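What Swiss-Prot annotates here:
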SIGNAL    1-26  signal peptide
DOMAIN    59-94  domain 'EF-hand 1'
BINDING   Asp72, Asn74, Asp76, Glu78, Glu83  Ca(2+) 1 binding site
BINDING   Asp108, Asp110, Asp112, Glu119  Ca(2+) 2 binding site
DOMAIN    135-170  domain 'EF-hand 3'
BINDING   Asp148, Asp150, Asp152, Lys154, Glu159  Ca(2+) 3 binding site
DOMAIN    172-207  domain 'EF-hand 4'
BINDING   Asp185, Asn187, Asp189, Lys191, Glu196  Ca(2+) 4 binding site
DOMAIN    210-245  domain 'EF-hand 5'
BINDING   Asp223, Asn225, Asp227, Glu234  Ca(2+) 5 binding site
REGION    313-343  region 'Disordered'
Amino acid sequence: MMKINLYKLLCFICVIFLLHKNVVRSGDNMKYNDMKGLDDLSKLNDDQVKDILGLKIDGAKERIEKLFHLIDKNNDKEITEEELNTWSSFLKNEIFLKQVQAEMGQIDSDKDGFISLNELNDAFAQNLDAKEVEKHSEGLLKRFQIVDKDKDGKLSINEVGLLIDPMKDEELKELEINEILEHHDVNKDGKISLDEFKQTRSDESSGVKKDDEMALDDFNFFDANKDGFIDKEEIIKVYFDPAHESGAINVNEIKENIFEGKKITYDLWNEKALKIAVTSLTDYGDVIRYPEDFKLDIGKNVILPTARSRAFEDDDMDADNTEDDKDEADDASQQKSPAIDEL
């Protein structure tokens with residue numbers, strides 16, 4: 001995950017343009033649509049729900065009921081739009097903090113609590129050839145210098161947060177947008193035509209140009225006003241849309257699709273519990289699975305059955321390896337037992 005985030009956030013121009021499109025439109029469709037696929041768990045049995053949430057139906061419903069009381073700040077047994085928005089802000093902040101901490105843990109190789117330019121370069125260079133690293137080195141340096149607010153040559157956790165979310169810093173936001181335009185706006189008229197987009201559009205992993213049909217589909221996604229051009233405002237609207245942030249809750253979609261436009265009362269919430277369980281309201285189930293990670297007092301973190309199985313397999317493999325190592329050691333010991341004066 002760390003490498004993907006770095007590539008999306010620190011590479012510039014077409015790479016950012018492409019990866020953001022993939023995240024919003026194809027890679028995580030379920031994360032921007034609350035009622036797709038298995039989001040509705042109400043038709044599943046105990047074992048199926050446990051596979052998804054690590055809890056059987058009654059256990060999941062109990063946590064979802066407790067969640068209602070956390071969101072219902074005034075304890076009137078009804079969740080208002082304002083309370084949903086407050087909950088959404090809390091989720092976004094918690095998810096963002098966890099993301100920043102994870103990035104820090106991966107990149108901060110000397111574990112001093114800061115990220116140096118060398119550490120950032122090393123992390124960025126993983127799995128990239130020298131030519132790609134050199135190509136993006138200047139852009140990486142620019143970003144480092146912009147977010148290094150106290151100019152001490154290293155990034156604190158708050159400064160890394162700016163690097164991960166350019167929307168939080170106007171100078172970095174402007175840099176991202178200008179680089180997208182610089183790459184795609186061939187004739188430098190301040191907007192991107194379809195022909196320019198096709199000419200400069202390529203697959204980020206192979207460098208192969210996309211076919212015209214796919215390029216048109218991608219272009220139309222950004223061309224919000226359908227005037228045949230992508231301008232700066234449209235880039236901002238899509239690339240920096242708060243609705244696409246991790247933890248963002250589409251309040252209207254939740255109210256209409258799950259609660260059918262009705263007031264979100266305590267009884268209705270519990271009635272819809274298994275439809276709520278893996279939507280944006282719960283960070284797609286993570287709040288129910290891992291409440292301690294969100295500092296929520298609704299239960300202990302679970303271990304999903306699949307993760308437990310993998311852990312057992314790893315333990316078995318480790319045990320096998322230990323036995324093999326022991327056998328090899330015994331063989332070696334038999335081949336040459338040291339004399340007393342060699343010890």
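In case you wondered, yes, glycine gets a Cβ from its N, Cα and C as well.
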Chain-mates of Asp108, Asp110, Asp112, Glu119 with C-beta within 8 Å of site centroid, Ca(2+) 2: Ile107, Ser109, Lys111, Gly113, Phe114, Ile115, Ser116
Cα-Cα distance linking Glu78 (Ca(2+) 1 binding site) and Asn225 (Ca(2+) 5 binding site), given in Å to the nearest integer: 38
Residue pair Asp108 (Ca(2+) 2 binding site), Asp152 (Ca(2+) 3 binding site) - Cα distance, angstrom, rounded: 16
Top Cα neighbour of Asp150 (Ca(2+) 3 binding site) in the set of binding-site residues Asn74, Glu83, Asp112, Asp185, Asp223: Asp112
Cβ-based isolation winner (fewest other Cβ atoms within 10 Å) among the binding-site residues Glu78, Glu119, Asp148, Asp152, Glu159: Asp152
Tally of DSSP helical, extended and coil residues in the domain 'EF-hand 4' (172-207): 20 helix, 4 strand, 12 coil
Structural state census, the domain 'EF-hand 3' (135-170) (DSSP three-state): 25 helix, 2 strand, 9 coil
Residues close to Ca(2+) 1 site centre defined by Asp72, Asn74, Asp76, Glu78, Glu83, Cβ within 8 Å: Ile71, Lys73, Asn75, Lys77, Ile79, Thr80
CB within-chain contacts under 8 A for Asn74 (Ca(2+) 1 binding site), separation at least 6: Glu83
Reported mean pLDDT - the domain 'EF-hand 3' (135-170): 92
Nearest recorded site to Glu234 (Ca(2+) 5 binding site) by CA-CA distance, among binding-site residues Glu119, Asp148, Asp152: Asp148
